[in-house]
């Protein structure tokens with residue numbers, strides 16, 4: 001490792017420099033990107049620790065293979081068998097520390113407009129010091145007095161934050177659907193290609209939604225029984241049809257010419273996904289067969305075999321789930337997303353149709369005023385004139401994500417029996433959370449359609 005590279009990494013860990021890799025062959029990296037990447041690594045690290053704390057397999061392996069395990073537990077005052085470092089209470093405390101970390105930086109970075117201020121330097125650098133601060137906050141939570149009162153109060157805070165995180169993601173999904181349609185219809189009148197592509201994607205979305213509805217009706221219902229599954233599948237399918245008809249109704253089209261079937265197709269697919277996810281999270285129903293033996297009904301027969309290797313299913317499923325959570329955090333913290341939640345939208349005439357419409361046009365990326373090379377990866381300081389994303393909103397979303405992870409790992413309101421190995425075992429709390437999220441998503445989209453009709457004197461733009 002070269003001396004300039006070592007100096008660069010030291011400046012990154014203990015100073016104001018942006019983090020970069022020592023490999024020269026790596027492509028250029030923007031300061032705004034490297035900063036978000038580092039905070040995401042912190043989030044992933046604490047999430048992995050929470051999953052380990054909820055794993056009985058890891059605890060048993062440590063007891064078996066670690067010499068002087070009990071002596072070590074007594075030495076750190078974690079109980080005879082480190083029971084204070086495992087289970088839902090330990091996850092609550094660690095996530096409390098992580099949530100406090102992001103909430104502190106949420107307040108610390110209020111109204112930062114460029115990367116030249118002292119607070120911006122702290123936000124974009126001092127990574128080793130911030131890692132120590134995060135570790136201190138997570139560790140300090142274990143020394144909070146009156147643990148029972150703290151855990152009971154923190155549980156309700158976590159539930160509220162988790163619900164708010166879900167609501168923000170649903171709001172951004174609705175905004176995503178409207179933005180997609182508005183972007184592609186911007187050039188549809190001039191280029192037939194966009195009209196054809198719009199129709200093709202809409203057809204694919206509705207085909208996926210209808211296929212999902214039919215498959216759920218086949219695998220999650222039977223001729224006798226499964227009444228609740230039949231009702232939920234029928235209701236959610238009917239809601240998708242209803243919002244599709246409302247989207248193309250003449251009264252809505254007069255007020256919102258950009259409204260169409262593409263948005264309702266996106267919402268319908270997501271509603272079908274949430275319905276499937278909710279039915280999969282539902283506790284299994286059992287009945288007695290002719291031999292007086294309990295059999296599970298209202299679930300696909302092949303799904304029972306998938307749970308044979310619980311460790312494989314849990315590991316793969318947990319990785320995918322938290323990958324999606326991390327993706328939601330990063331995509332919902334852009335400047336456009338934070339402005340959307342405040343009701344600020346791009347003017348329709350400024351839209352340029354493109355396939356990768358989610359990404360902002362970045363034509364000036366190579367014209368930034370300051371580029372640094374320290375013997376390794378090239379760093380572009382792209383926030384000298386103005387921030388690329390809202391620092392405060394970025395940390396606020398990660399604060400909510402910390403609470404959502406805490407509640408998800410501990411099975412929400414079934415925390416006492418929660419284990420990471422039984423992460424995908426059905427519980428009623430998870431089932432109803434997903435089902436209510438499904439209905440809330442439909443309500444949000446429906447409101448964006450009928451709000452201009454209910455308040456004709458007010459200007460709406462999506």
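Backbone N, Cα and C atoms are what each Cβ position is placed from, and that goes for glycine too.
What TrEMBL records for 37-59, 90-110, 122-144, 156-176, 197-219, 231-248, 260-279, 312-330, 393-413, 433-455 is transmembrane segment.
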Same chain only, please: residues at least 6 beyond the ends of the transmembrane segment (197-219) with a C-beta under 8 Å from a C-beta of the stretch. Say none if there are none.
181, 184-185, 188, 229-230, 233, 237, 240, 260-262, 265-266, 268-269, 271-273, 275-276, 279, 299-300
Any contact between the transmembrane segment (231-248) and the transmembrane segment (156-176)? By contact I mean 3+ C-beta pairs closer than 8 Å, pairs at least 6 apart along the chain.
no
Of the listed stretches 156-176, 393-413, 433-455, which one has the most C-beta pairs under 8 A with the transmembrane segment (37-59)?
393-413
Find the member of 90-110, 122-144, 260-279, 393-413 that has more C-beta pairs under 8 Å to the transmembrane segment (156-176) than any other listed stretch.
393-413
